[in-house]
Amino acid sequence: MTDGALAIETHGLTKRFGSQLAVNQLDIAVPSGSVFGFLGPNGSGKTTTIRMLLGLASATSGEIRMLGSAMPQSLQSVLPRVGALVEGPAIYPFLSGRANLARLDSADRFASSRTRTARVDAALDRVGLTHAARKKAHAYSLGMKQRLGIANALLTPRDLLILDEPTNGLDPQGTREMRNLIRSLAAEGTTVFVSSHLLAEIEQTCSHVAVMSAGRLVAQGTLDDLRAEGVTRVEVRTPDLDLAREVLARWGLQSQPGPIDSSLTAALTTSVPVEQLSEALVIAGVRLRGFTAEGASLEDRFVALTGEGFDVAE
Amino acid sequence: MSQSDTRRNLGLALLGSEITIVFRRRRNQAMLLALAAVPILIAVAVRLSSNTSGRGPAFLASISENGLFVALTALTVSIPLFLPLTVGVVAGDTIAGEANLGTLRYLLISPAGRLRLLLVKYAGAAAFCLAATAIVVIAGVAIGAALFPVRPVTLLSGDTIDGAEYAVRCLLLIAYVSMSMLGLSAIGLFLSTLTTVPVGAMAATIVLSAASQILDVLPQLAWLHPWLFSHYWLGIADLLTSPISFDSFQSNALLQLGYIAVFGTLAYGRFATKDVLS
Ligand SMILES: Nc1ncnc2c1ncn2[C@@H]1O[C@H](COP(=O)(O)OP(=O)(O)O)[C@@H](O)[C@H]1O
Ligand SMILES: [Mg+2]
């Protein structure tokens with residue numbers, strides 16, 4: 001895969017359930033090799049998007065390209081290269097963990113029957129289920145089922161992993177192992193697309209992020225982009241207060257006296273790139289003693305983007 | 001990269017896996033055992049009762065004279081109810097059962113392919129039809145031989161056949177009756193694509209099998225009878241004449257094929273475009 005290629009690309013992707021738009025005009029671009037966080041509160045359309053990517057649900061309108069091929073036309077040739085966990089794991093309760101994996105692996109026509117046992121055991125080992133491999137899956141705890149679901153996604157080497165809320169039901173230990181697993185898979189060159197409603201999850205593992213709210217994409221970019229966009233005010237410390245005030249005004253920013261005598265603060269009303277602001281100040285000859293971009297935390301930013309309420313979006 | 005270069009195989013592994021699962025499920029094993037119990041119960045009941053002249057299904061009276069009739073009696077008793085019941089459970093479970101477990105989405109993203117999955121599921125149900133019929137016949141032959149005298153069999157036509165030819169007739173019976181269940185299985189497969197609640201598809205399939213048999217005895221609907229999938233179910237007597245009459249066999253095969261074609265197409269039409277949201 002060439003650098004700069006996109007592992008997943010959607011244009012105007014829309015899914016309507018009756019009168020409700022579960023996914024509304026979604027344009028996402030997942031760079032190859034990235035760990036892409038797909039963030040949004042419950043009911044914001046993450047799982048529905050993933051179902052459309054994987055051909056489980058048809059889009060009402062819009063286009064999808066995955067690993068360079070149009071979907072769902074190329075489903076049968078693309079899906080063997082994609083491992084996925086969708087809306088939690090699913091098991092055959094009457095089969096052992098190992099037999100569960102063998103069953104799902106047998107559905108993949110590209111997966112060799114000859115290497116099946118070895119691959120199943122390797123996948124079980126990778127998620128730490130080797131000791132419970134022979135146990136009937138109905139006796140698995142929620143976290144063990146989740147691990148089995150991840151193992152299923154890892155049965156063959158994949159170019160893309162799509163993991164829908166992979167840490168649901170995992171204990172803190174398991175959550176950490178999951179983060180490490182994602183990192184190690186990414187290091188092997190697998191693109192990882194991981195959805196979550198928890199910012200902390202995404203923040204710790206992802207290079208890129210897209211934020212969903214009520215079916216719409218409200219932000220997308222690298223994690224650093226999102227942090228930069230979250231800056232709400234700047235504080236300038238300088239003896240050249242008048243000049244600084246003038247420069248800020250040129251950017252349409254109202255400045256107030258800052259917390260100390262030789263300082264100014266200005267609220268960022270529109271999205272002014274902070275680095276350009278500092279550059280402008282320096283070019284104008286403002287002698288800076290300090291320049292602080294005060295972030296709303298990423299969490300504040302997330303809440304600002306997706307809404308405060310606890311109610312599930314309808 | 002990784003997988004796309006390796007050649008795709010025939011995909012028989014999924015068929016093997018499906019058949020294994022059908023026969024390893026406790027529920028299905030229990031149903032097969034219950035079917036095996038039918039001839040055993042009949043044989044034991046006849047053996048224990050000295051008076052065999054009472055009313056009962058055809059061939060019942062003949063059992064005490066010839067153990068080979070146990071299989072035939074058991075089959076006749078099972079065809080209207082027990083057999084369609086078990087077949088309805090397995091066929092109704094095909095897609096809806098996977099949807100209910102959530103494993104349907106994982107099979108599809110594996111990717112199993114929707115048409116291939118339907119075919120494999122139907123093959124699994126058909127294998128069950130065969131096993132269900134065979135177990136009734138085999139258990140019947142075995143218990144009949146154990147409890148009653150086995151002599152050359154006098155057929156309905158009055159001719160007498162020996163053991164070897166009787167074995168051939170048993171195989172024909174198995175073929176005929178399991179084939180009879182294929183149309184019902186196709187209906188079950190279709191109903192199974194409509195819901196994520198397997199019990200619903202199972203119940204609907206079983207209800208349809210009863211409805212078809214009821215309609216088949218209403219003289220006012222005589223025009224409809226040849227189109228009912230259960231119409232030839234009890235036509236097994238044809239296989240016990242000499243020479244064998246294959247009329248019912250042919251008509252039945254054609255009818256069942258028709259049902260497979262229609263409901264197979266409906267199932268595919270529904271399943272190929274269905275959103276899998278479970
Ligand atoms: N099968 C369905 N029928 C009707 N509405 C649905 C269905 N599945 C999801 N939705 C709706 O679509 C919206 C998005 O759901 P989902 O994609 O599951 O959200 P998320 O995964 O982000 O929590 C929700 O409002 C949900 O009610
Ligand atoms: Mg979800």
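Heads up, the Cβ atoms here are built off N, Cα and C, so glycines get one too.
The feature transmembrane segment is assigned by TrEMBL to B:30-48 (among others).
Under the heading transmembrane segment, TrEMBL lists B:68-96 (among others).
Residues annotated as transmembrane segment in TrEMBL: B:117-146 (among others). A Cβ distance under 8 Å defines the sequence-distant neighbours of the transmembrane segment (B:117-146), meaning residues of its chain 6+ beyond its ends; these are 14-15, 18-19, 21-23, 28, 31-32, 35-40, 42-44, 63, 66-75, 78, 83, 86-87, 90-91, 94-95, 107-108, 170, 173-174, 177-178, 181-182, 185-186, 188-189, 192-193, 264, 267-268, 271.
If you look up TrEMBL, you'll see B:166-190 (among others) marked as transmembrane segment. With a threshold of 8 Å between CB atoms, the same-chain residues lying at least 6 positions outside the transmembrane segment (B:166-190) that come near it are 68, 71-72, 75, 79, 83-84, 87-88, 90-92, 94-95, 118, 121-122, 125-126, 129-130, 132-134, 137, 141, 153, 201-202, 205, 208-209, 229-230, 232-233, 235-236, 239-240, 244, 248-249, 252-253, 255-256, 258-260, 262-264, 266-267, 270.
Summarising the annotation, TrEMBL assigns transmembrane segment to B:197-215 (among others).
Listed as Cβ neighbours of the transmembrane segment (B:253-271) (distance under 8 Å, sequence separation of 6 or more from its ends, same chain) are residues 95, 114-115, 118, 122, 179-180, 182-184, 186-187, 189-190, 192-194, 226-227, 229, 231-232. Per TrEMBL, transmembrane segment is recorded for B:253-271 (among others).
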